[in-house]
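K.L.:
Here's a structure for you.
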There are 2 protein chains.
Amino acid sequence: MGENDDGDVIEHHVEEEMEKRDARSHAASSFPENVTPSDRDQEGHSGTQSSHRLLAYSDALISIIATVMILPVAHTKMEDTEELRQSLQLLLTTKIAVYLMTFLIVTVAWAAHIRLFQVIVRIDDCLALLNLACMMLITFLPYTFSLMATFPENVLGILLFCGCVMVIGVIQCLIVLYAFSRPFLLNEQIQISENQTFYKEHILKVIMRVPLMCLFASIVSFIFFQLSYVLLAIVIFLPYISQALKWCRNKAMGQVEETPDSMMFYTYLPNEPLSKERVEAFSDGVYAIVATLLILDICEDNVPDPTVVQKQFGGSLVMALQAYGPEFLAYFGSFATVGLLWFVHHSLFLHVTKATRFMGLLNTFSLAFVGGLPLAYQLTHEFPNNSRNELEAIQISCVIIFFAGIFQLAIWVVALFQEQETLHPYVRYGGHEHVFMLAKLALYPCVALGTFFLTCILSKFSAPIFHLMEITVPFAFIVLRLMVRMGLVLLRLVFCPDRPDQRSIIVEEDETRVPFNALGT
Amino acid sequence: MGENDDGDVIEHHVEEEMEKRDARSHAASSFPENVTPSDRDQEGHSGTQSSHRLLAYSDALISIIATVMILPVAHTKMEDTEELRQSLQLLLTTKIAVYLMTFLIVTVAWAAHIRLFQVIVRIDDCLALLNLACMMLITFLPYTFSLMATFPENVLGILLFCGCVMVIGVIQCLIVLYAFSRPFLLNEQIQISENQTFYKEHILKVIMRVPLMCLFASIVSFIFFQLSYVLLAIVIFLPYISQALKWCRNKAMGQVEETPDSMMFYTYLPNEPLSKERVEAFSDGVYAIVATLLILDICEDNVPDPTVVQKQFGGSLVMALQAYGPEFLAYFGSFATVGLLWFVHHSLFLHVTKATRFMGLLNTFSLAFVGGLPLAYQLTHEFPNNSRNELEAIQISCVIIFFAGIFQLAIWVVALFQEQETLHPYVRYGGHEHVFMLAKLALYPCVALGTFFLTCILSKFSAPIFHLMEITVPFAFIVLRLMVRMGLVLLRLVFCPDRPDQRSIIVEEDETRVPFNALGT
């Protein structure tokens, strides 16, 4: 290990030069040499690597694929003369359903991937290549799904889908078998455990459940294809169903037969830990794709043709671009909204110490709505002013923003229920950041709800109200801290006007440490 | 701090339960509570956060935007009757040029962003919002650029572009001023430095250079617009020009006037450190987008219309899908190639301890070629078999793969020149992973070159050769370790047949520790 020691000295030297404390603490996790001594020993098995970057790349791929299916929805051209309600019905029946189902299925595949790589914490070249093959098949799932939606009565879609899922299952089994044959790749808990074989069999059993169901569904599809759709639906909700059944049985039998504490993985309990880092990476990917979806279209479609400019606008490019004005407005509006929703998500997960399965589920719902945002924004500018279509498009946008925000709020509320485990002390109930976090999370749902009702009442001014909302919300975020503080002072004045303000005596340098729990007493 | 201490105890408990060593070491970097004690003190300034996730999100956005402009190129429909050479000339003149220039400009903006956030290592809400505004303008740059390319004689494109750059510059200045007014946000080196004002002024001067040039260019554009293009070109190459001028002056004057060692940031030297983590994140984003670009098109365009299937194919979906066969092949081919190039990149950066500016530049070139891959693969399947077009498309694909791979190899070669600083000991010349890394990096360029020349000679079989290459390369990666070992044994047999094989005595458990340096002796 003489070489390695040399390397350490040099590296510390380099890092001292760089003097980047933060960068160093991140980098530490990806440098094989900076890891803990127990990892160091494993370096002896050459070619073993930290799985960090492989997972980041997988998250990026899966998040792109999850949001891709919104594009066919967005590109469905709507006729101005047609009523939005009618075209929406057409959209709703197939494309939006496909989008939502794809999002759900891809996130199920993603959750399975997380679970797998919570057990396998180190990789080598072979695992990396197997994982890439797995990713290739996952990215193909949306296509098989849209085939199923377009040709519901044709078995080919079902067969392709089941085929993909089965191959993914086989690859995952290969990964598990390979990893258990080289135990230094595994999670430390399993590595030191005595009954590794039990773990292996349990994990293989869980993984094989889905492909076996798919095999069954594909066989059934030849006889009675409607049944195979039911089977596929069962596949998705399998963990929930089995959990519910287990719970019912335990209640009926009157005995509480918990899984042993040592079984931390593949439990499918709502509080099963989910890698917080991967939830963040996946969300970042979705937010980034969604924020830029509209610029994809703008770059492709909204550069006017030189001959058209010459003929129709007398060579004036400014005039030609004015026709695209609403689309630019839609772009900036949706970018700002998605960016600010990301900002809220970012603030929230800064304060979360442990993500659970249930929080992950709520996060998925929030992201599914976020994915629909660019489409909604695009719709708001596609119809003539003051038309019924425009009003409905604006109201749909408000509803989408509302749900995207309310599910973020729900994550926090769920976290608060187990705040000892999942939240940092300063955002728990009574913590000094509690109210501010609540205000951040509540801002978008409240604004969306307010805009929705305002447009109901003042339907003539729906567009100006909506644009005003777009412009004011970013500024609202900037002055939010100030607003929260003023609100609290007001509340205190109203409810406890006689109480001497202790804070004026203890002058804290930190302006925002508002003792919210003081209100309760 | 009583609350915080409580939190620590709980958190350690939670983490013991989770028993995920690796996840913990990653998470440590994003949990404000797990950071070093000096960070802990800064938590007193409420709302201060690690910048890690903000940078990851920015990297994702910028990598998407950098690769977006390949889409207009890919969507240019080519007529089967037309010669590829002619349509390529049309493409080359505008769209490919726009793609490459956008890629270059966006990566310049990205490099400026890295530089900025190497100085500012912690953020608060205000900085996060300012950064989002900055991102919004960066994502708009490609559009202004394609306007400039379509209407080169119209000043509007130049004005929009310059306007964007100027606003970005102003926002970056605001960020710097804000961060220097709260020094706890800054890099530790600057934080403890005595001449903070000097740093601030130096950084502001560097940042303002570009917007000022743009302001000048936009004024000039009204008088003599060709000159403003020259000015914009100067903006991009400004750091290189100023470096070259400085070098020339120093040579001429005969004196070596180095910047003081303390000035680590904004030096624009080729070995200026570049955050390795961000280079990886940006590359991951580009590889992920590029790998999925074709599935975007497939999901949208390749679901046949039910009525067409009924009429043209007699209701047989399988027959209808066979028409799309080549496109699926193109998808899997390009996904596999991009995935394997990512795999090589991943292996390379596992062994890199410090990324420099020059390595970043080479990485950008490699990524720019990777971005063109899906297009090239799509072209190979768009033309009739054995046509001249098909041959040329296949050869273009080979050239793109070759350059993407050769620039990756170049990164390693550059790193080897300063191997003490930039590489882990075991991949340095003579290290036990050296030959294997070289083989990984050389595989794609060699295969691409071989395929290119084979198609030149056996032009009739170009398509089968190309498909054979697609299929064999993934397997080649799997057996590469074996191949390297056999190659070394062969080399040893040829060059030193008499030497007793020491390795047969010292039986190492690690099979691949081939002492390459033994060859030299």
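Just so you know, glycine gets a Cβ as well, placed from its N, Cα and C.
Annotation source TrEMBL lists compositional bias 'Basic and acidic residues' at B:9-25. The compositional bias 'Polar residues' annotation in TrEMBL covers B:27-37. Sequence annotations record features per position, and here TrEMBL assigns region 'Disordered' to B:1-49. Positions annotated as transmembrane segment by TrEMBL: B:54-76, B:96-114, B:126-145, B:157-180, B:212-241, B:328-349, B:361-381, B:393-417, B:438-461, B:473-495.
Tell me about the setting of these features in this model.
P.N.:
With a threshold of 8 Å between CB atoms, the same-chain residues lying at least 6 positions outside the transmembrane segment (B:54-76) that come near it are 87, 90-91, 95-96, 98-99, 102-103, 106-107, 109-110, 113, 117, 123, 128, 131, 135, 138-139, 141-142, 145-146, 275, 278, 281-286, 289-290, 293, 297, 367, 371-372, 374-375, 378.
Residues 58-59, 62, 65-70, 72-73, 134, 138, 141-142, 145-146, 149, 168, 172, 207, 210, 236, 274-275, 278, 282, 357, 360, 364, 367-368, 371-372 of the same chain lie 6+ residues outside the transmembrane segment (B:96-114) yet bring a C-beta within less than 8 angstroms of a C-beta in it.
Distant neighbours of the transmembrane segment (B:157-180): 109, 112, 116, 119-120, 126-127, 130-131, 133-134, 137-138, 140-141, 144-145, 147-151, 186, 196, 199-200, 203-204, 207-208, 210-211, 214-215, 217-218, 221, 225, 228-229, 232, 235; these residues of the same chain sit at least 6 beyond its ends, with a Cβ under 8 Å from one of its Cβ atoms.
Beyond its flanks by at least six residues, the transmembrane segment (B:212-241) meets 104-105, 108, 153, 155, 158-159, 161-163, 165-166, 169, 268 of its own chain at Cβ-Cβ distances under 8 Å.
Within the chain, the transmembrane segment (B:361-381) has long-range Cβ neighbours (under 8 A, six or more residues past its boundaries) at 66-67, 70, 73-74, 78, 84, 96, 99-100, 103-104, 107, 279, 283, 286-287, 290, 293-294, 326-327, 329-330, 333-334, 337-338, 341, 345, 390, 393-394, 396-397, 400-401, 403-405, 407-408, 410-411, 414, 463, 466.
Sequence-distant contacts of the transmembrane segment (B:393-417), counting only residues of its own chain at least 6 positions beyond either end whose CB sits under 8 Å from a CB of the stretch, comprise 84, 337, 341, 344-345, 348, 352, 356, 358-359, 362-363, 365-366, 369-370, 372-373, 376-377, 379-380, 382-383, 423, 428-429, 437-438, 441-445, 447-449, 451-452, 455-456, 462-463, 466.
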K.L.:
Between B:126-145, B:328-349, B:473-495, who has the most Cβ pairs under 8 Å to the transmembrane segment (B:438-461)?
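P.N.:
Highest pair count goes to B:473-495.
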